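According to Swiss-Prot:
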type	residues	note
BINDING	Gly34, Leu35, Ser36, Gly37, Gly38, Val39, Asp40, Ser41, Thr137, Lys166, Thr188	ATP binding site
BINDING	Asp40, Glu142	Mg(2+) binding site
BINDING	Arg117, Lys150, Asp157, His248, Lys249	deamido-NAD(+) binding site
Amino acid sequence: MKCVPGLCSEVVSVIEDFIRQKVAESGASGVVLGLSGGVDSSTVAYLAVNALGPDRVLGLIMPSSTTPRDDLRHARTVADELGIESETIDIDPIIESLTGLCSHNANELALANLKPRARMVILYYHANSLNRLVAGTGNRTELLLGYFTKYGDGGVDMLPIGGLYKGQVRELAGRLGVPPEIIKKPPTAGLWHGQTDEEELGMKYDLLDELLCLLVDRKLPVEEVASTLSLPPSEVERIASMVKGSEHKLKPPEVPDIWEVMECSH
């Protein structure tokens, strides 16, 4: 029996109501989101248009030299099919400018993280200029694993699909009418040439979803999760360490507790 449940019919209306509520509470005029051409951003775009209408949704397509051509084409397809305003901004000049200002050479991780952080800056520039909120496109699988960049693609105002595992997002995308070629293609963040999420994570999303559901939602011990999924305990431990090690990404910056000391000084 699968741990990750199928989607009930109310999920779409709950998420769309959530988007409408957050926009109304903030007094914003709509949302801005990054369109990567992947299933997550496409799904959020469809939900946002259903919730707010196409005139209140702006899609920013922000490719770099490592963005697959299919992703760029798919992002434009989504914008065209939904009838939303879109803008394409090449982020390579921004990356080159920033790295040129530093006195030391960046390692691969620093360079990879710079791309989503540059995109975050562009998203908020547009959001602030247009009185809109930034709608994030992260899913529950990515959030639990910390598979996102702190203050990059994690820097958003709301996460409409943040409660859904990757497989559930694919299911929802199918219901919403996202093109099948987008749903079925291997997910990639396009951080370097040939990069795919599942190769980097070392596990297929379907299996990751089940593992995380058993480990986090049902709180089963590592040994039981490993037995249930016929995995080596070391693999479950590896994922558990990723979850534990990335908890800081989901929390605000920590502040020292100084009030007791201040009160004692009187």
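Cβ atoms here come from the backbone N, Cα and C positions, even for glycine.
Feature map: Swiss-Prot annotations on the structure.
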{"residue": "Gly34", "record": "ATP binding site", "CB count, 10 Å": "24"}
{"residue": "Ser36", "record": "ATP binding site", "CB count, 10 Å": "28"}
{"residue": "Gly38", "record": "ATP binding site", "CB count, 10 Å": "25"}
{"residue": "Arg117", "record": "deamido-NAD(+) binding site", "CB count, 10 Å": "18"}
{"residue": "Thr137", "record": "ATP binding site", "CB count, 10 Å": "25"}
{"residue": "Glu142", "record": "Mg(2+) binding site", "CB count, 10 Å": "27"}
{"residue": "Lys150", "record": "deamido-NAD(+) binding site", "CB count, 10 Å": "15"}
{"residue": "Thr188", "record": "ATP binding site", "CB count, 10 Å": "22"}
{"residue": "His248", "record": "deamido-NAD(+) binding site", "CB count, 10 Å": "12"}
{"residue": "Lys249", "record": "deamido-NAD(+) binding site", "CB count, 10 Å": "15"}
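Taking the C-alpha positions, the distance from Glu142 (Mg(2+) binding site) to Gly38 (ATP binding site) comes to 14 Å. Each of the binding-site residues Asp40, Asp157 was ranked by the number of other C-beta atoms within 10 Å, and first place falls to Asp40. Calculated from their C-alpha atoms, the gap between Gly34 (ATP binding site) and Lys249 (deamido-NAD(+) binding site) amounts to 20 Å.
Under DSSP, Gly34 (ATP binding site) is assigned to a strand (E or B) in the three-state scheme.
The secondary structure of Asp40 (ATP binding site), as reduced to three states from DSSP, is helical. The secondary structure of His248 (deamido-NAD(+) binding site), as reduced to three states from DSSP, is helical. Looking at Thr188 (ATP binding site) and Lys249 (deamido-NAD(+) binding site), their Cα atoms lie 20 Å from each other. Nearest in space to Thr137 (ATP binding site), taking C-alpha to C-alpha distance over the binding-site residues Arg117, Lys150, Asp157, His248, Lys249, is Asp157. The separation of Gly38 (ATP binding site) from Lys150 (deamido-NAD(+) binding site), Cα to Cα, is 20 Å. DSSP gives Arg117 (deamido-NAD(+) binding site) a helix state. Looking at Lys249 (deamido-NAD(+) binding site) and Asp40 (ATP binding site), their Cα atoms lie 19 Å from each other. Put simply, Ser36 is the one of the binding-site residues Ser36, Gly38, Asp40 whose Cα lies nearest to the Cα of Arg117 (deamido-NAD(+) binding site). Distance between Cα atoms for Gly38 (ATP binding site) and Asp157 (deamido-NAD(+) binding site): 20 Å, as a whole number.
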